[in-house]
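As given in TrEMBL:
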- 27-58: transmembrane segment (TRANSMEM)
- 112-131: transmembrane segment (TRANSMEM)
- 138-157: transmembrane segment (TRANSMEM)
- 169-187: transmembrane segment (TRANSMEM)
- 226-249: transmembrane segment (TRANSMEM)
- 261-281: transmembrane segment (TRANSMEM)
- 301-319: transmembrane segment (TRANSMEM)
- 340-356: transmembrane segment (TRANSMEM)
- 403-423: transmembrane segment (TRANSMEM)
- 443-463: transmembrane segment (TRANSMEM)
- 475-495: transmembrane segment (TRANSMEM)
- 507-538: transmembrane segment (TRANSMEM)
Amino acid sequence: MFLSFTSHTSPTPPSSPPYYPVLVESMVVFSIVLCVHMAVWTQLSWCCIALAVQAFYVQHKWDRLLRTGAAVFQFRPSANSGVLPASMVLPLLGLALRGRCVTVGNVYFERFAMVITVTGMMLALFLSLIALGITRPVPTNTCVIAGIAASAILYTVKQTLTVSEVIEVLEVLLIFVYLSLILLYLLPRCFTPGEALLILGGISFIINQLIKRSLAGTANANGDPLHFFLPVAAVGCVLLGVFFAVLFLFMESETWSASVFFHLMTAVLGLGLLVPWLSLLTQHHPVAWIFHFLTLSNTRLWLLAYWSILTMVAIAVVLRQNSRRTGSSKKPQASTAVRKYFHLLVVLTFAPGLALDRPLLHLAAVVCLAAFLFLELVRFFRIRPLGAPLRRLLTLFLDERDSGPLILTHIYLLLGVSLPLWLTPGPCTPKGGLGGAGGLVPYAGVLAVGIGDTVASVFGSTVGEIRWPGTKKTFEGTATSVFAQVIAVAIFLIADASINLNASYSWVVGSIAMVAMLEAYTLQIDNLLLPLYLYVLLLL
C-alpha cells in the first residue's frame, strides 16, 4: 500500500510572518494562471484571471473563519483554507484541454472542455459566496471584487455556452451542494475548504457525466469501455460509504451481524448494480471484457506478475514496520526512510506501465483505487474481520494531514500519480501522440509526487540548511527535487519512444521549477495539487 511521504524540513522554526507562505503560494498560482492565459488567450482565460483575483481575497476571509471557528463545518486544522490553488485547478484544466482539442479540430471535446472550465468557475464562486455570506462584519471590499469577477464570468458564460451546457453546469453545482452537505457533516476535519472544493467538485462532475452517459444508453457503444470503469467504481464507493455511514448512526458496526450485512450489501451493490451499469455503458459484460483485455498480450501478464510482487513487498514493509513497534511508544510514527519505500514503489509501479502499456495501467489504477476505498471503509466502520487489524497497522503511518476519521494520504498518493494518466486527452491526441512537452503529460504524477516530492523530502531533511522564508522547507530540498525530475525526464525520453520534446526543454524545466516552488509553500494536499498543476503546464 502506498503511503504519503514527509515533507523536506529543517528543525528550526520559521521566523517570517504566518501569512508569508500563503502569499508566495498565491504568487506561484498567479504565475501558472498567467502562463495558461498567454498560451490560450481567450475570453475564458481572462475570466480565469478575474476568478484568481477574487479567490485571493476570499481566501483570506476563509482563513479568518477557520482561525475563529466560525466556519459552518469542521475543516482540517493546521492548514490554511487553500481556496485559491484549489479554485483554479478545474478552470485551468479545461482551458488546457480545450487548446489541444482546437488544435486537432475536435469540436465536441472542445465544447466539453469549456464546460469543465465554466463548472470549475461556478464551484469556486459558490464557495466564495458561502464565505462572504457567513463573514461578520460583511467584507464590503471583497464583496465588490467578487461581484465584479462573477459578473464578468457570467457575461462570458452567456456568450460562450449553449443552454444545454449551462444546464449541465447547474446540474453539477446542485450535486456538489448536496454532496458537500452530506460528506462534510459525516467526515469532519478531513478536508480544508479548498480540498473539499477540488475533491467533491470532481466527484460531482463524475456523477453528472455518469448519469448523462447512462441516459444515452446504446449511444456509448462506439466509446472505449475502459473509460467507464473509473466513474462507476468511484460512484459505487461513494454510494456504499454514504449508505453505511447513515445506517451505522443507528446501529453498532463492530458486531459480526453488522459485518456480514456490510459484506452482503457490498456484493449486492457490486453484482446487482455496478456490473449491470457497466454492461449498459460498455455494451459488454465487464468480467468477460476484462478477461479478454488482460490476455491480449504476454506483456500484460508479465506486468501483472511484476505488480503483484510489488504489492507483496509493500504489504511486507507494513507488517515488518508494525512488528518492530515498541509497546512503550504511545504514538509511534514511521520514519522518513520507511515512508520513502512507498514513494519508490509508486515510481517502480507506474513508470514501466506508462512506457509499456498505458491502457492496462489505467485499469489497474482504477482497481487499486476501488480496493483502497473499500478497505478504508472497512477500517473506518471497524468491519470484521479486517477492520481492527487495518486500524492497528495503519496507525503507524498517520501524519498531520490525517486529522479526521478517514486515512486518506495513501489514496491521495494513488490519485496524484493516476490522474494525469486518466485525464490524458485521447480524443484530442494526434496519431503520433502529443508533441513537445505534452508527451510527458501521463508522467506528471510520477514526476511531481513519485520523484520530486520524495527527493525533496529526503535531501531537505538530511542535508537541508537554507530554509525558504516562512516555512520549514529547504532550498536544498527544492533544488534537488528539480534536478531529480529533470534527470527522470531524460530517462523517460530514452525508455519511451512516444515522447519527443522537440524544442520544449526549457518549458519543461520551467514547469517543474514552478510546481516545485508550489510544493515548498503549499499547506494543502500536495499529492493532488502538484500533479494537476504540472499536468496543466505540460499540456499547454
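A Cβ is built for glycine as well, from the same backbone N, Cα and C atoms used for every other residue.
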With Cβ-Cβ distances below 8 Å as the criterion, list the same-chain residues six or more beyond the ends of the transmembrane segment (475-495) that contact it, or say none. 8, 351, 355, 440, 443, 446-448, 451-453, 455-457, 459-461, 463-468, 501, 508-509, 512-513, 516-517, 519-520
Using a cut-off of under 8 Å between C-beta atoms, tell me which stretch among 27-58, 169-187, 301-319, 443-463, 507-538 contacts the transmembrane segment (403-423) the most. 507-538
With pairs fewer than 6 apart in sequence excluded, do the transmembrane segment (169-187) and the transmembrane segment (27-58) have three or more C-beta pairs that lie under 8 Å? no
Which residues, given as numbers and ranges, are at least 6 beyond the ends of the transmembrane segment (443-463) yet have a Cβ under 8 Å from it? 5-10, 336, 339-340, 343-344, 346-347, 350-351, 354, 413, 416-421, 473-474, 476-478, 480-482, 484-485, 488-489, 492, 512, 515-516, 519-520, 526-527, 530-535, 538
Leading contact stretch, 138-157, 169-187, 340-356 vs the transmembrane segment (112-131) - CB distance under 8 Å: 169-187
